[in-house]
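A.B. asks: Got a structure for you, written out below as structure tokens; questions coming shortly.
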């Protein structure tokens, strides 16, 4: 406990433990579900949290809560993160600590950029303490951790301050490689070293696949660890990041100036640059392979409930019952304006927008709005430059499934490929078959007589 006495005898006390206890208490309340006023659903996993904490840590949630009217019963579904990644992000918000698997470092950085969490977004410019395995028994631990402490003050100064190197200068890692083998303790120095996360640190991960990561306007190469790379341990390894509980100055961080990145943030908030993976069966796109595999099971799953009228199969009895309405012609939902009837209530709701001209699905990268969510998704793909629908004949890609279908009908359909000679040949074959049938009929008539 420290205290200061000014000339006016005003005593000020600083409780150094308050911030730690404050976060600890908040986290305990979250884990017990106490005073939680928001639920976040990620991949069917529900996370309870406090809106004030989410908004304080993430500019994404801050903007989202301002745009949406939410209360204690509100549930927000996020479809651009894995549940395990979001769980670690949430733990970071409440504990200032985060553990990341090496193969997920790039994904965590991308998540930090999307959610507007500066510490996670700046992992590529942070400094990490490399903790080596314990070799006291001649064997390494099952894991070693890279411990990252958040730099304090200006970002430029943070890159040069508090860098402690282990070993002689000649033994330090080069700009091209960083050895994962722990340093020897015979020199009497600590087995922990702090390194700048620049290109050398990123190359420590090794790579067969290199992709670009945007770090406040500068592109660096980020690489994923190949399985054959030996970094000092044959067992799975993890990265542990600790965010110091330092006072955050009210200054604009490079790359997040309000004027320059407002549109960029809107793009990240509602239509970020994640690469989309398309289902080969129906063309629906997903942000990660896990969701795609889950969706593909819908195409390959058993469909024991078969419609007797059209033989179409369904996975559940409820889906079959809903389908049967098509054959019965039963349309219980009628439009009050024009009287048109529909089988399903959602279809009626879509139709009513024709009369009201309501466009509830707005693009947050421009001012355009749409009546249907599917139209908005097609529009957002154009912003992101995504073309997940690929023609199987010529490999040309399209942003909309309808564009692909139109292309296939116009360029690769059978009627387009039929040449005049083929038509003539087919006509001659039909004529020959007709003449043969007529001759055969005449022979049968003669035989009967």
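Residue numbers in this text run from 1 along the chain shown.
Cβ coordinates are placed from backbone N, Cα and C, and glycine is handled just like the others.
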A.B. asks: Out of 249-276, 333-360, let me know the one Swiss-Prot marks zinc finger.
C.D. replies: 333-360
A.B. asks: Between 215-243, 389-417, I'd like to know which one Swiss-Prot lists as zinc finger.
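C.D. replies: It is 389-417 that Swiss-Prot annotates as zinc finger.
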A.B. asks: Have a look at 109-136, 361-388 and point to the one annotated zinc finger in Swiss-Prot.
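C.D. replies: Here Swiss-Prot associates zinc finger with the stretch 361-388.
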A.B. asks: What average pLDDT does the predicted model assign to the zinc finger (277-304)?
C.D. replies: 76
A.B. asks: If we skip the immediate neighbours and take only residues 6+ beyond the ends of the zinc finger (277-304), which ones have a Cβ under 8 Å from one of its Cβ atoms?
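C.D. replies: Residues packing against the zinc finger (277-304) from afar: 43, 79-80, 82, 313-315, 381, 386, 388-390, 401, 404.
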A.B. asks: At a 10 Å cut-off from the C-beta of residue 46 (SUMO2 cross-link), count the other C-beta atoms across all protein chains.
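C.D. replies: If we count other Cβ atoms within 10 Å of residue 46 (SUMO2 cross-link), we arrive at 11.
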